[in-house]
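Annotated features in TrEMBL:
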BINDING   Cys419, Cys423, His455, Cys458  Zn(2+) 1 binding site
BINDING   Cys446, His452, Cys478, His481  Zn(2+) 2 binding site
DOMAIN    414-491  domain 'Recombination activating protein 2 PHD'
Amino acid sequence: MSLQMVTVGNNIALIQPGFSLMHFDGQVFFFGQKGWPKRACPTGVFHFDVKHNHLKLKPAVFSKDSCYLPPLRYPAICTFKGSFESEQHQYIIHGGKTPNNELSDKIYVMSAVCKNNKRITFRCIEKDLVGDVPEARYGHSIDVVYSRGKSMGVLFGGRSYVPAAQRTTEKWNRVVDCLPHVFLVDFEFGCSTSYILPELQDGLSFHVSIARNDTIYILGGHSLANNIRPANLYRIRVDLPLGSPAVSCTVLSGGISVSSAILTQTSNDEFVIVGGYQLEDKKRMVCNIVSLEDNKIEIREMETPDWTPDIKHSKIWFGGNMGNGTIFLGIPGDNKQAVSETFYFYMLKCAEDDVNEDQKTFTNSQTSTEDTGDSTPFEDSEEFCFSAEAYSFDGDDEFDTYNEDDEEDESVTGYWITCCRTCDVDINTWVPFYSTELNKPAMIYCSHEDGHWVHAQCMDLAESTLIQLSEGSNKYYCNEHVAIARALQTPKRALPLKKPPLKSLRKKGPGKILTPAKKSFLRRLFN
């Protein structure tokens, strides 16, 4: 094992505890920034490009038919293949925390649809579930099992807020363990079924899950109710016959006490567990090898890397699996320094670089770390955040660059726009006005003078009106400037007078015949 420090070019503030890493076509992508995405990268997904121990974040691109994907922290993420033999895979994203500290109960399917000039275009689709729908949660796991030529998602654990009817002012956002139910999710038909297994007595969060064929192994985890990290090891087996699925659970020996650990795959049958916590005031510095052979699991300690003094003495650490047996680690900087708090990042290589794509797609580890705001005093110390540098990515030409100079001061303007004097949008709780913000934006551009952006809800625009104005090429003026715009409008062109035929000029009745002189005068008048 080798440990190397990584430098971040800029926008280091995007990398906060709770992020996730995904792998597509040999590339790593970052998901789950803290805060709503900016206009320069409306999706909140970045290409995680590390070269010569230097990290660059490059905004990813989504197709026009994608749904809005909010930046979710501490979600459950796993890979999914249509069939066991399929080479292409998708990512399933469920739950997680939004930047408003609300919990999501939605499930998204993210796939790569196009690759041109080393740039991958993604498509994100929101899946609707029926049946026993899992409640909104975070810190849980979701995996995919394959049995008898069919596949099924398995969701377990996590934390959720106290039901609204039981909340009090003092403990409005209090979190509790989710019930220890196992949910089977059919991604094709959107059906979800809950199972109660007697072997699972406690709701566990931030555990480690490993999926292999029709079996899932659950290791460790943290129970809020008892404030313990039991050394449990569960084997959940799912059989998918033509009828109803059969779900069974077996308690195995040889488990480990750990929470918030990171899992990476080093070979077809071996995984490595790194990091996490074994007590509320003690990080777990031991690494373990997990071997799966002949439907058996074996966990043993391995030689630990040469941890730096900063890593040894830091209170928290977090990270994610980069694939190829490599783990990305982050620790908080020295708070005693005069500069703003920051994070230091490392890459820990647990294996050689010969792990192929098929191997690493089976690695389904948890989210990067336990929540730093809802659990124990040690793991839930204040969340570290800091200002990003004010210079842009110097990315390659084939990628769009993210320039923080494009963003206005959010503390003054609120979500990078000034809007109007009567704007009542709270900058701390702003959410997209429309759920599909990617192709139905909740803002519109006023063309007055240099132009400015306004909220659709402040302008009292219906969604259909907003779409019509956004798709057209005509200029739009907000409520404050629409009177000025009308004064500047060019007067409408007057329609030419129609020439009536001469026969209509003759009135019926005696004495009403026009004289030749009157006819000549009328001809000159209308010609």
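Cβ atoms here come from the backbone N, Cα and C positions, even for glycine.
Note that the coordinates shown come from a computational prediction; the quantities given were computed from them, not determined experimentally.
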Among His452, His455, His481, the binding-site residues in question, whose Cβ has the most other Cβ atoms within 10 Å in this structure? His455
For the binding-site residues Cys423, Cys458, Cys478, which one has its C-beta crowded by the most other C-beta atoms within 10 angstroms? Cys478
Within 10 Å of the Cβ of Cys419 (Zn(2+) 1 binding site), how many other Cβ atoms can you find? Include all protein chains, please. 22
